[in-house]
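Here is what Swiss-Prot says about this protein:
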| type | residues | note |
| --- | --- | --- |
| BINDING | Gly11, Thr12, Gly13, Lys14, Ser15, Thr16 | ATP binding site |
| DOMAIN | 3-233 | domain 'DPCK' |
| REGION | 110-129 | region 'Disordered' |
| REGION | 219-238 | region 'Disordered' |
Amino acid sequence: MRIIGLTGGVGTGKSTVARILEQHGIPVADADQMARQALAVGSPIRERVLERYGKVIQTPSGDLDRRRLGQIVFADAAERAWLEAQIHPFVRAQLQDFLSALAEQSSKVHGVPLEEEPASQKRSGVGFSSGQGSQTVCLMIPLLFEAHMENWASEIWVVTCTPEQQRQRLARRDPLTPEEIEARIASQWPLAEKVRRADVVLDNSGSLAELEAQVKQALASAGQRPFASPPRAGYSDG
């Protein structure tokens, strides 16, 4: 199974790339959406979050005020680490279920038994055979590097744009103040470091057509080497 780990900076255009991949028939798992599910009504994680912060993060109707929660965690690294410790295990489990279901489906369609890759060829957290019944899937994980999940992907794609575009897009997308935008950007690894560690870099500073061409080229070229690289040293999926 060819597993694309799609990441980048906040507001650089990961979702746009994900939509392009879906147009190519590639299943995409959205870690951000899974994180939102972790805080859904009735979730034990939501209850722990409400217990910690109380009415400060509740709307008058009793709903979770996600913007207020964001203001708290993006202003305090310790609080952000606590929240991530609640949510990340749930997201990891959801991603593993996504991969397992696709691998099982592929084995039924193609009649190829599921086999683990040799230890020297697999990255931790996945490890499904890349033989006849292999397929391409995408895990869109904004915090792929920060959460030490590099080893979940057979190749890592990083989406970039200019700093000015990044801030403009965030301002258009969310009702954030300039200070809140800077806090969100600062909470992640520098984009230059993500680019340095990427297998594929997609420049989203131009037109949609230009981005689509880059994605098409990456699909054609990078797909020749699934699981070719050993796990990156110094990281685990924990």
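Even glycines carry a Cβ here, placed using N, Cα and C.
Bear in mind that the values here come from a model prediction, so they are computed numbers and not experimental data.
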Legend entry - Three-class DSSP secondary structure - Gly13 (ATP binding site): coil
Inset, instruction - Determine the most Cβ-crowded residue among the binding-site residues Thr12, Ser15, Thr16, using a 10 Å radius around each Cβ and all protein chains in the structure. - result: Thr12
Legend entry - Predicted model, mean pLDDT over the domain 'DPCK' (3-233): 85
Legend entry - Non-site residues, in chain order, whose CB comes within 8 A of the mean position of the CB atoms of Gly11, Thr12, Gly13, Lys14, Ser15, Thr16 at ATP: Gly8, Val17, Val159, Cys161, Arg169, Asn204
Inset, instruction - Using a 10 Å cut-off, grab the number of neighbouring Cβ atoms around the Cβ of Gly13 (ATP binding site), all chains included. - result: 23
Inset, instruction - Enumerate same-chain residues with a sequence separation of six or more from Lys14 (ATP binding site) and a Cβ-Cβ distance below 8 A; give 'none' if the list is empty. - result: Leu6, Thr7, Gly8, Met140, Pro142, Val159
